[in-house]
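Colleague: Right, I'll just put the structure down here and ask away after.
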Amino acid sequence: MTEVFGVIGHPIKHSLSPVMHNAAFRHLNYDGIYLAFEVRSGELESALNGARALGIRGLNITIPHKERAAEILTPDRAVEEIGACNTADLSEWRCYNTDVHGVLMALREAGIDINGIRVLVVGAGGAGKACIYALRDAGEVFVTNRTAERGREVARRFGVEFIEMEGLATQSFDLIVNATPIGMKGFPDTLPVPEEVVRRCSAVFDMVYNPPETRLVKVGRKYGCRIASGVDMLIYQGAKAFEIFTGLKAPVDVMKRAVVSELEKLA
Ligand SMILES: NC(=O)c1ccc[n+]([C@@H]2O[C@H](COP(=O)([O-])OP(=O)(O)OC[C@H]3O[C@@H](n4cnc5c(N)ncnc54)[C@H](OP(=O)(O)O)[C@@H]3O)[C@@H](O)[C@H]2O)c1
């Protein structure tokens, strides 16, 4: 019988996850299908229970449900600490955060050595927290956020330092991570930090993947920075979820080709 998987969120119609996972199923001749389900806030618990009752094997979980799902499902250690998940194994009623793997692999693909690195994470939402969790043991992590109160709370939670946005211009970092939607299609294509800060760093990582070439990426390139890609993060978080769902090794290259070709169509 065909195994059913999917992604739940709101809005969900632009998700690239179905293209990525269905390409992997086809490549491996796996009898599975991956669908996008529009689930509004307030409907999450019934959606998860309903999906389990219907025999849906696994779900990816995206905005606005990552935090609440971590409370409903049984979290692994990383989810417990981050307070947000993006992958649910419904047969086990467990949830995982594969964004952490996505972050580490995107940096590795870009040849960025994270040991001892001084990192600024811009954004204190789900993606920012996964990034802080991924990097805080390897390097010295700082966080900044539009809403200072939320940024401070996240910094406290992870034992890292909070910096006010207004205080950034005089600071230096090795790596700048954009974990906000600034630069994403539909948002202003501005820089998430002052240009001076980009000029002084040696690497940038923009989690935004649509478009893949944001202003942060272009300015980072201009100053000779190494560039870690949001597209790679998307693929590797998806690959890890695929492995949790199926127990099979994910065909990463196939998944990447499917995503890149879809992004070219959207450009
Ligand atoms: N490449 C990937 O695989 C991947 C995976 C996950 C996420 N992402 C991307 O990462 C970004 C953040 O996702 P998320 O899940 O962390 O979202 P989230 O939980 O909603 O958090 C959004 C963060 O961005 C900040 N923000 C929102 N709009 C802003 C604006 N106009 N100016 C400055 N800051 C703003 C928010 O600050 P406040 O606290 O002030 O609201 C918050 O810190 C999104 O663009 C998402 O597409 C990419």
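Heads up, the Cβ atoms here are built off N, Cα and C, so glycines get one too.
For reference, TrEMBL lists these features for the protein:
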DOMAIN    7-87  domain 'Shikimate dehydrogenase substrate binding N-terminal'
BINDING   Ser15, Leu16, Ser17, Thr62, Asn86, Asp99, Tyr209, Gln237  shikimate binding site
ACT_SITE  Lys66  active site, proton acceptor
DOMAIN    111-180  domain 'Quinate/shikimate 5-dehydrogenase/glutamyl-tRNA reductase'
BINDING   Gly123, Ala124, Gly125, Gly126, Ala127, Asn145, Arg146, Thr147, Ala148, Glu149, Arg150, Met207, Gly230  NADP(+) binding site
DOMAIN    230-259  domain 'SDH C-terminal'
Colleague: Can you tell me how many other Cβ atoms are located within 10 Å of the Cβ belonging to Tyr209 (shikimate binding site)?
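Modeller: That number is 21.
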Colleague: Checking the binding-site residues Leu16, Ser17, Asn86, Asp99, Gly123: which ones have Cβ within under 6 Å of ligand 1?
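Modeller: Going through Leu16, Ser17, Asn86, Asp99, Gly123 in sequence order, those close to ligand 1 turn out to be Asp99, Gly123.
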Colleague: Could you break down the residues of the domain 'Quinate/shikimate 5-dehydrogenase/glutamyl-tRNA reductase' (111-180) into DSSP helix, strand and coil, giving a count for each?
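Modeller: Computed counts for the domain 'Quinate/shikimate 5-dehydrogenase/glutamyl-tRNA reductase' (111-180) are 27 helix, 16 strand, 27 coil.
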Colleague: On a C-alpha basis, identify the one among Gly123, Ala148, Arg150 that is nearest to Tyr209 (shikimate binding site); the candidates are the binding-site residues.
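Modeller: Going through Gly123, Ala148, Arg150 one by one, the closest to Tyr209 (shikimate binding site) is Gly123.
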Colleague: With a 10 Å radius around each C-beta, find which of these binding-site residues (Leu16, Ala127, Ala148) has the fewest other C-beta atoms nearby.
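Modeller: So among Leu16, Ala127, Ala148, the binding-site residues given, the one with the fewest Cβ atoms within 10 Å is Ala148.
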Colleague: Hey, which bits of the same chain come close to the domain 'SDH C-terminal' (230-259), Cβ under 8 Å, at least six residues off its ends?
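Modeller: Distant contacts of the domain 'SDH C-terminal' (230-259): 3, 5, 16-17, 19-24, 27-28, 30, 32, 57-58, 60, 86-87, 89, 96, 98-99, 101-103, 105-106, 109-110, 205-209, 212.
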Colleague: Fewest neighbouring Cβ atoms within 10 Å: which of the binding-site residues Gly123, Gly125, Gly230?
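Modeller: Taking Gly123, Gly125, Gly230 as the binding-site residues, the minimal 10 Å Cβ count falls on Gly125.
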Colleague: On average, what pLDDT score does this prediction assign to the domain 'Quinate/shikimate 5-dehydrogenase/glutamyl-tRNA reductase' (111-180)?
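Modeller: Result for the domain 'Quinate/shikimate 5-dehydrogenase/glutamyl-tRNA reductase' (111-180): average pLDDT 97.
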Colleague: Could you give the Cα-Cα distance between Ser17 (shikimate binding site) and Gly230 (NADP(+) binding site), in whole Å?
Modeller: 14
Colleague: Using only the residues recorded as binding NADP(+) (Gly123, Ala124, Gly125, Gly126, Ala127, Asn145, Arg146, Thr147, Ala148, Glu149, Arg150, Met207, Gly230), report the maximum Cα-Cα distance in Å, whole number please.
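Modeller: Taking every pair among Gly123, Ala124, Gly125, Gly126, Ala127, Asn145, Arg146, Thr147, Ala148, Glu149, Arg150, Met207, Gly230, the longest Cα gap is 26 Å.
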Colleague: Report the DSSP secondary-structure composition of the domain 'SDH C-terminal' (230-259) as helix, strand and coil residue counts.
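Modeller: Summed by class, the stretch gives 25 helix, 0 strand, 5 coil.
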Colleague: Under a criterion of Cβ-Cβ distance under 8 Å and sequence separation of at least 6, what residues of the same chain contact Lys66 (active site, proton acceptor)?
Modeller: Ala84, Cys85, Asn86, Gly126
Colleague: Going by C-alpha distance, which of the binding-site residues Ser15, Leu16, Thr62 is nearest to Gly123 (NADP(+) binding site)?
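Modeller: With Cα distances computed to Gly123 (NADP(+) binding site), the winner among Ser15, Leu16, Thr62 is Thr62.
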Colleague: Count up the helix, strand and coil residues in the domain 'Shikimate dehydrogenase substrate binding N-terminal' (7-87) according to DSSP, in that order.
Modeller: 35 helix, 17 strand, 29 coil
